[in-house]
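Accompanying notes for the structure given below.
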Amino acid sequence: MDDSTLQTPPTQSALRTLTPPSSSSSSQLNLSAEAASKHIDRLLNSSYHTGPSRTIYSDRFIPSRSGSNFALFDLVSPKASSTAEGREDTSSAYATLLRAALFGPETSGGVAFPATPDKRSTPSRNIFRYKSETRRSMHSLLPFGFDEAVQGVNHSPVKAPRKVPRSPYKVLDAPALQDDFYLNLVDWSSHNVLAVGLGNCVYLWNACSSKVTKLCDLGIDDSVCSVGWAQRGTHLAVGTSTGKVQIWDASRCKRVRTMEGHRLRVGALAWSSSLLSSGGRDKTIFQRDIRAQDDFVSKLSGHKSEVCGLKWSYDNRELASGGNDNRLFVWNQHSTQPVLKYCEHTAAVKAIAWSPHLHGLLASGGGTADRCIRFWNTTTNSHLSCMDTGSQVCNLVWSKNVNELVSTHGYSQNQIIVWRYPTMSKLATLTGHTYRVLYLAISPDGQTIVTGAGDETLRFWNVFPSPKSQNTDSEIGASFLGRTTIR
């Protein structure tokens, strides 16, 4: 296509029509040109001018500020001031308010918040601020309010439950281990030595070397009813069926002394520094100071039946005792009568454990007719909670590494349960014993427990984590050591 076929652009043609010929009336042409120019201006500026009867909208969204209350913030409307200086003032005021709302009033550069139109003398303190009474925690962002939270819903991050091995890592044969609920024949020392009463003898098993030592033989006319290690050192107390309490130095396998006082068997022992408490079938508790020449320094009376459970608190200020009279008593260091009495259990109270995590928190378990674990606050003398376990509660021990405890049971499940406190949710249920799990002790590192039963076995379980890591295995239970005999 050559140049001769090109059409003249419309704008040039329009401009030609507006060019006045020299022979026309100048006044008439000037009016026509002025009208055409105004028409073109209206077309070009149609987005910015509105007619009296309707609003003309453009293809871009331009918000209307005609309804904005700029006086509320002492800002000047864009229509009231179109100068560059006015726009800069408005932008500066807005930036100041936005900065104060996002980062607090102290970052606003000392500019006071503007007042509302009707209260200009008293600036409002709620503009771009949260009221202190309306501030909500992060729980309020949940689908349901924190105060109206669904019962049983835990708002903390979900944590995977810790895995507890379901099988014992070691089993020891313990011939002649008696099936008697009222005896306490197993204890674990701070030096990692296990003491076990078998018939009329006491045997020591070293958990580090697996060496077995025979500590003593009481003869055919006597038998072992309880064993208890001193909190520190190598002294072991042995309660006998004839009512005597013997003190042995395990490092030398030598008896230090024999103390009398009880008329019947001694089934419970508990140490508090150099003070030894012994509970007997004669319903009494004797306080013995092994440094004194006398067999006992005081006698505690209150139980109506055999004393089968004794535990000193971790601060050595309170002694808890349980008896076959279904009673749980708490004594102090100087009392000869119980300072606290709990009578809610409906069966013998042998299982007793003080919490190492909370001062004054005491757990107790009842026998076959009770089956409950109860928690007490001895500081406020209050009953905290009760958990029905469904089986006879034989023993309780608290982990010193985590806020958990383990219970052993007799009729009819013969099981071991690891609980998380205070929810009392089950972390693990361990089975293996074929008789009542009457005996329980915990290792000095707080990770391993040993259980004993009338099936004449001792079983070792890794149930608690280490203080540093929940995945670190105990040095004692690092491997399966097989099944041996304690004799």
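Cβ atoms are placed via backbone N, Cα and C, with glycine included.
Just so you know, TrEMBL annotations never went through curation; they're auto-generated.
If you look up TrEMBL, you'll see 1-12 marked as compositional bias 'Polar residues'.
The annotation compositional bias 'Low complexity' is assigned in TrEMBL to 13-32.
Residues annotated as domain 'CDC20/Fizzy WD40' in TrEMBL: 172-461.
What TrEMBL records for 1-32 is region 'Disordered'.
Annotation comment: TrEMBL describes 217-258 (among others) as repeat 'WD'. Residues 183-191, 193, 195-202, 204, 264-273, 276, 278, 280, 282, 288, 290 of the same chain lie 6 or more positions beyond the ends of the repeat 'WD' (217-258) yet place their CB under 8 Å from a CB of it.
Here the repeat 'WD' (300-341) has Cβ contacts under 8 Å with residues 181-182, 184, 267-273, 275, 277-281, 283-287, 347-354, 356, 359-360, 362, 364, 366, 370, 376, 378, 381 of the same chain, all six or more residues outside its ends. Residues or ranges marked as repeat 'WD' by TrEMBL: 300-341 (among others).
Sequence annotations record features per position, and here TrEMBL assigns repeat 'WD' to 430-463 (among others). Secondary structure of the repeat 'WD' (430-463) per DSSP, as helix, strand and coil residue counts: 0 helix, 19 strand, 15 coil.
Averaged over the repeat 'WD' (430-463), the predicted model has a pLDDT of 96.
Helix, strand and coil counts from DSSP across the repeat 'WD' (300-341) read 0 helix, 21 strand, 21 coil. Counting residues per DSSP class in helix, strand and coil order gives 0 helix, 23 strand, 19 coil for the repeat 'WD' (217-258).
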